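Pulled from Swiss-Prot:
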ACT_SITE  Asp128  active site
ACT_SITE  Asp147  active site
TRANSMEM  14-34  transmembrane segment
TRANSMEM  44-64  transmembrane segment
TRANSMEM  72-92  transmembrane segment
TRANSMEM  98-118  transmembrane segment
TRANSMEM  139-159  transmembrane segment
Amino acid sequence: MPDATLSNTSLGRLAWLWLTVLIVAVDQVSKYYFENALSLYQQIIVIPDYFSWTLAYNTGAAFSFLADGAGWQRWLFALIAVVVSAVLVVWLKRLGRDDTWLAIALALVLGGALGNLYDRVVLGHVIDFILVHWQNRWYFPAFNVADSAITVGAIMLALDMFKSKKTGETVND
């Protein structure tokens, strides 16, 4: 019977991949629901003047960056997502036992990246359905669960970096 301590050490923090799988699952189920419940650009007001459900397709990156490209951007962003995902898995595996905050952050970013990667490769676009706005004057670009996970994970990574600098901790390589 293998030693449980050795097993945990060799896996590093890969046990946090369950969070990645959960993010991908919630992301894909929510996208499937809204794609089947709404027509393109239809809005359902949830909180008047602030929050709506909608259906939008994004062929670009964040904020529709390069969305008007001829299709090459699909594969560029897919390649970037694959490389970033591989780096995140290696980073996650190398984390120490006490790096729970960082492990959660990496798992969130990885889940978001994989959720949007699936859309980009299989559908040719990313499905967005969350629309935050202020009256009819200001609209934040539509986004999805994967985008939210990436954002929360990135904020957690930034906070971890500032905490490490402030306390003089060494940053894990």
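Heads up, the Cβ atoms here are built off N, Cα and C, so glycines get one too.
If you take the Cα of Asp128 (active site) and the Cα of Asp147 (active site), they are about 9 angstrom apart, rounded to a whole number.
Of all Cβ atoms in the protein chains displayed, 20 besides its own lie within 10 Å of the Cβ of Asp147 (active site).
Remote same-chain partners of the transmembrane segment (72-92), defined as residues 6 or more beyond its termini with a Cβ less than 8 Å from a stretch Cβ, comprise 12-14, 16-17, 59-61, 66, 103, 106-107, 109-110, 113-114, 116-117, 120-121, 124-125. Taken residue by residue with DSSP, Asp147 (active site) is part of a helix.
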